[in-house]
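Right, one structure below, let's go through it.
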Amino acid sequence: MAAATTEKTTTGFFFEGETGRNTRGLLRLIILCTIAAAAIASRLFSVIRFESIIHEFDPWFNFRATKYLVQHGFYPFWNWFDDRTWHPLGRVTGGTLYPGLMVTSGVIWKLLRFLTLPVDIRDICVFMAPAFSGLTAFASYLFTSEMSDSPSAGLLAAIFMGIAPGYISRSVAGSYDNEAIAIFLLVFTFYLWIKAVKEGSIMWGALTALFYGYMVSAWGGYVFITNLLPLHAFVLICMGRFSPRLYVSYTTWYALGTLASMQIPFVGFLPIRSSDHMAALGVFGLIQLVGFAEYVRAQMPSKQFQTLLRAMVLVVFALAFGFLVLLTVSGTIAPWSGRFYSLWDTGYAKIHIPIIASVSEHQPTAWPAFFFDLNMLIWLFPAGVYMCFRSLKDEQVFVVIYAVLASYFAGVMVRLMLTLTPVVCVAAAMALSQILDTFLVASTPDEGDANKKPQANGTPAGANGSVDIKQQFANLADGLRSTKAPLVGIYSYLSKSMITGAITAYLLLFVLHCTWVTSNAYSSPSVVLASRLPDGSQHIIDDYREAYYWLRQNTAPNAKVMSWWDYGYQIGGMADRPTLVDNNTWNNTHIATVGKAMSSREEVSYPIMRQHEVDYVLVVFGALLGYSGDDINKFLWMVRIAEGIWPDEVKERDYFTSRGEYRVDDEATPTMRNSLMYKMSYYKYNDLFPAGQAQDRVRGSRLPAAGPELSTLEEAFTSENWIIRIYKVKDLDNLGRSHQEAVAFEKGNKRKKGGAGKRRGPRVLRVD
Amino acid sequence: MRLDRWALMGLIQLSWADSNLTERSRDILPSTFKPPQHFRNVNLVRKINLEKSYPRETINVVIENIDAAPQSEYYLPFEQGTLGRVGGLVVKDKKDPDNIGFHAEIVEIDPYGATEYYKITLPTALPSKQQQTLSLTYWTLAALSPVPFQIGQQDKQYIRYPFSAYAPSAYTTLKQKTKLKLPSTDVPDATSLPKELNADGKADPEKQGTSYTYGPYNEVPAGAVQEVSVRYEFTHPLTHGSLLERDISVSHWGNNLATEERHWLTNRAAVLKNHFSRVTYAQSAYYNPPTSALKEMRFPLTVGSVDAYFVDDIGNVSTSRFRSNLREANLELRPRYPLFGGWNYKFQVGWNGDLKNFVRRVKGTGETYVLKAPFFEGPKQIEGVEYERIVTRVILPEGAT
């Protein structure tokens, strides 16, 4: 913090007057660069511990799409129809993705090649998120500097943004997801918007629209901006703060931004057809009316104007609302999307759209998560919002609205913690900078001086040369009553040093916490698992890649792999094989089909697999290692999603015991034990243990003495720690028997029993 | 900066299967071509070594010029298709190892001919009625095939090697025999030839431990073939590298010599009858029986190599160890999964070396340097590895001429 003194010291030359401003500017630049470096460095844990690898699930698709873009060029990418996913439907990938991320990395790749730096596209993708987090820190500096007059607020916000775990969770190296660039765009668009509202300039409004367009191309969360900016404008109008500045900036943003957003094929005509975007359109209409009313008011006597205004508002509102309802009912405007409903009613998804509810990041946030992700910022946040009320200018209104909305959303979905983090950082920085500015002044305030000019509120006089304190107080006078009382300052060195010491300790603890959380919770690639050997050295469990690479090397290039949708992107990216379903989840029925195949008996599943030309089935099985994220634990979601489409054939109740327990041991229900998923998971697992000793280390239960038998599938590959098991779907029997008969016959032959004749006739299969 | 490059070629002049077919200098001969009968083989001993995953044949032959004029072109015949799979040919003078200057060259017959030839040019023409002892050694790739083709995961693997009991020759051979060196005594099948063919009238082949001897035989005309085959136990992987790309880049900035190899491996061993069973594999890991699966590879690198890495298409493979000390630098790799018969694995390895160990300045020439780097450093396996095609690129610093 700039600790300027009123006394003439040797450092006075550098911190006061014209040279002082330059020095401070330089210092600020250096600090910002350091912050960016810190933000990048703290995201590199996983690269240092493991390797430069793409993480988790969605990033694998983005990576694959980026490689496609780099290989084939922009237009083929734009028109990309991917027949290697969603077999046999395929996916119009080019028209159903947000291309911003891929295009950005493609441009960086091209640029670096132009500069004769041949960097592997994978490395660009891996380091994309950290690089952009550096930019995000810079953007939040700009944003906060618009909010607060304190010179330290911006820098604090930048460092908070740089290392807050809530943001790191989605931007560590390798987490090549849309959010990697979207959060930067979000903050920067907000900054430009604030700038536009402040200046009332078309240039800033157009820039806002430009970055809004970029944001639309990068992340589905752009709807947040689409609704937040109109809300801000609306609230300002309601507060009677309509001004030509607002009019200019809003109309510029809306017109250009909507056009820009419509350039993205996936968005297309949504901005004028979907309910999610109607608020922006409505406010656009409203602001025209208000603008017109303002104009009329300037021309008319006020009495007549009142009457006219009232009538006009009523008529217009009734007309617009009726029109909207009409359009929604007639189907021209799409009703609110399911994901949107689940934002308001947390139970909605669980009942109506199990596929949304099945994703862990769509669950409501637990309270400790707020502290975990934001640490001390979470209690500075309300204070910061309160600070906004103290000088409630247009931009502070924005922060207040943003804070309220984002807090609500973050409470509804874990994933939306990401949108809350920027405003928390900004608000916390404003609160903290206020405290620091008050207490971090070395000189004792002069009482006489304070009486004359109530300026000694602790802001160092020389800290920011451009601050016009008088004006600030003029603004404050209209605000809350408490601000009218003159602030004097802190006299005692004891309280100064105590508060400063406490804040320093909190900040240090914050850094410690952030580093710890980043290192322990958010830096695992989840493709690679790490464990410790008895001697303390790191042991890497690489079963995913082992199995994926086996698929890639040893199966036909067009062999179709069926797995639960979670692994679709990874199979596409690492194994390079066509999949039935993937994380895109655009076709619920197709996913339910796979769910049905997994949760039914073999006799039912086999025809489904034949019809979908499935060659291999891949399951994730954690029982040997105690890896809890396996398919048996996800199994109920498959059942639920399948039940949503075939309520008569798949029933969730059948998978629970009579006492309502979900079990895999002797007491498991027949439906459970006959399901394909159960059989594939535990097939031959018993052989690893002494008879009757087979243990499931995830469910903590002992398995039945006799393991399941498979007749329509055969085990093709199992990874070292059994995490991935791959089965090959048998071809039809050569002699026209059913697979059950064939297997029974083989068995009978081996045992030299004539038992083949005693078979009960299994259901006859017919495959068309 | 000028760098001359030398590739250290090992002790043999290697040539590779596919690359043979694209070589520039070759004589194309009509299919009716028969090598001129200037020579005859007075005595011929052929040794076939089958201890590795590729056969190595050594023919020691005493040749005699039966022409009036001195002759220097000796032809070595191969059956159609075999010549493209010869992985290397070494010609030496058995009596006088210092006599160097032999030149081997492929002569191509038009595609319909049944026989192809290596033309071996002697360093000095052999005068009439004179004799010389040649030692011809060659390796054949992809020549072994597992029989039966499918085996269980823990079964023994048997390999069949078909060959001719008469050594291939373009000339009349007066006396010859063929010795087989097998890896084990477990030989279920070896073709027996009638005693009448044998010069000594003894049982043919004659067995002695792991070595089998066919012959001796009396005079055999040029191009005579007597097909026989042996089937023997060989429970080792038949590692076949379909392609090896090797980049040696010299960096004067980093002052290092970076080597990167990209391997495309296939195991030609018998494929699994049933699919891979992890249970069986995990259980057998305790007593480690011989197996036809490729589990591990060992790369002995140049001493002083550092920064070794082992990656494949989807990232780092954590199951590798690099041991480096003053005397050796070993890179031990385990593929992501054991390579059973018919399975493929593609991977890259690379390492750096200090440039001063590989490059020296030529005395008195100022800016001329000599690079001496290994032409090939593959994995060293007990059972051997064969490569179908090797591409080595040397990347010099920008501006080098």
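Any Cβ shown, glycine's included, is placed from N, Cα and C.
These features come from TrEMBL:
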- A:749-768: compositional bias 'Basic residues' (COMPBIAS)
- A:27-427: domain 'Oligosaccharyl transferase STT3 N-terminal' (DOMAIN)
- A:560-616: domain 'STT3/PglB/AglB core' (DOMAIN)
- A:743-768: region 'Disordered' (REGION)
- A:29-50: transmembrane segment (TRANSMEM)
- A:96-112: transmembrane segment (TRANSMEM)
- A:124-144: transmembrane segment (TRANSMEM)
- A:150-168: transmembrane segment (TRANSMEM)
- A:180-196: transmembrane segment (TRANSMEM)
- A:216-239: transmembrane segment (TRANSMEM)
- A:251-272: transmembrane segment (TRANSMEM)
- A:278-296: transmembrane segment (TRANSMEM)
- A:308-334: transmembrane segment (TRANSMEM)
- A:369-389: transmembrane segment (TRANSMEM)
- A:396-414: transmembrane segment (TRANSMEM)
- A:499-518: transmembrane segment (TRANSMEM)
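Within the same chain, residues 1-2, 24, 28, 31-32, 35-36, 38-39, 42-43, 133-134, 136-138, 140-144, 183, 187, 372-375, 377, 417-418, 420-422, 424-426, 428-430, 432-434, 436-437, 459, 463-464, 511, 513-515, 517-518, 521-522 sit at least 6 positions outside the transmembrane segment (A:150-168) and bring their C-beta atoms closer than 8 Å to a C-beta of that stretch. Counting Cβ pairs under 8 Å that are 6 or more residues apart, the transmembrane segment (A:396-414) and the transmembrane segment (A:499-518) reach fewer than 3 and are not in contact. Applying DSSP to the domain 'STT3/PglB/AglB core' (A:560-616) sorts its residues as follows: 33 helix, 7 strand, 17 coil. Counting C-beta pairs under 8 angstroms (sequence separation of 6 or more), the transmembrane segment (A:96-112) fails to reach the transmembrane segment (A:308-334), with fewer than 3 such pairs. Tertiary proximity for the transmembrane segment (A:180-196) is limited to same-chain residues at least six positions away from its ends with a CB under 8 Å from its CB atoms, namely 100-101, 104, 128-129, 132-133, 135-136, 139-140, 142-143, 146-147, 161, 167, 170-171, 204-205, 207-208, 211-212, 214-215, 218-219, 221-222, 224-225, 229, 232, 248-249, 252-253, 394-395, 398, 402, 418-419, 421-422.
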